[in-house]
Amino acid sequence: MTGAPQVIALSCGEPAGIGPEIAVAAWDQLRADCPFVWIGDPRHLPSSHPWQPVSAPAEALQVSADALPVWPLEFAGNTTKGEADPQNASGVIQSIKTGVELVTSGKAAALCTAPIHKKALIDGAGFAYPGHTEFLAALGGVDHVVMMLASAALRVVPATIHIPLSAVPEVLTPDHLRRVITLTDRGLRDQFGLTAPRIAVTGLNPHAGEGGAMGQEEGDWIEALIREMQTEGYRLTGPHPADTLFHAAARARYDAAIAMYHDQALIPIKTLDFDKGVNVTLGLPFIRTSPDHGTAFDIAGKGLANPSSLIEALRLAQTMAKTRQP
């Protein structure tokens, strides 16, 4: 991303969760080499840490060494750690919108989002989206995105996400999987700088169906789709048995894996690097990362929150911004 300041916009997320405290902890570690501007109500920040208002993300380059750069918003509700106040819903939503506006206008290089509490947004503002990602897709004007979980050890995309396991075979159609593969390939090229990304695709069933003995989807259409897309230039392999795809030697043979359902994708990455996994949304017209955890109401304000995932999300956003192809 040339010509734009390499400053990340960080939306505040749910103020009653751990978002504000891990933002400050991330600033403590990143202030010198990964500047970001926190978008939220400064009253929600830990009182002992310095912050300074900014009116443009580029100002963070001068401010960050001494204070957390803040794009100040005023929230309506009170904040008690661990207890979401629906009156703050409009402020949380505005923080996300402001982050998107800063990135799409070229004033910030990428967007990182702290965790939200969906019920509070529904109760307080009639939030009409299944989640954070769908809201960002609407703001970005796109119909389809994919979720990638990334760490130093693994990049993995679940082809289906928050649906019952019993519904996966119905949702997982050839058109759906083709779209997931296409968006993953494009994201690896455009946002990760890979010129010819290697993608490994798992099977749906145990042992990738074992020739039809343990399921039909692989033989009926998954293998045929992979072969068809190979002829179109995609560097795909599979369908692989998922239980042998995530050990170290196997991971060396691909740049990203596509798994068929939520747990098939998330168990390996959380086993390999639980604290440093990053959620990346591919398919948006801007870079978006987020920490791979929720609001953690149970530990908010107790000095127990681990900022590692947010730190990695900010670092990855910066790296992606430097390598992104327009």
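The backbone N, Cα and C atoms fix where each Cβ goes, and this holds for glycine too.
In the three-state DSSP scheme, Thr133 (substrate binding site) is classed as helix. Taken from Swiss-Prot, the feature substrate binding site applies to His132, Thr133, Lys270, Asn279, Arg288, supported by sequence analysis.
His262 (divalent metal cation binding site): 18 other CB atoms within 10 A of its CB, across all protein chains. Taken from Swiss-Prot, the feature divalent metal cation binding site covers His162, His207, His262.
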Rounded Cα-Cα span from Lys270 (substrate binding site) to His207 (divalent metal cation binding site), Å: 22
Site with most surrounding Cβ atoms, counting all protein chains shown within 10 Å, from the binding-site residues His207, Lys270, Arg288: Arg288
Cβ neighbour count (within 10 Å, all chains shown) around Thr133 (substrate binding site): 20
Under 8 Å by Cβ from His162 (divalent metal cation binding site), counting only residues of that chain that are 6 or more apart: Pro130, Gly131, His262
For His132 (substrate binding site), the number of other Cβ atoms found within 10 Å of its own Cβ: 22
Where the record names His132, Thr133, Lys270, Asn279, Arg288 as binding substrate, the maximum Cα to Cα distance in Å: 21
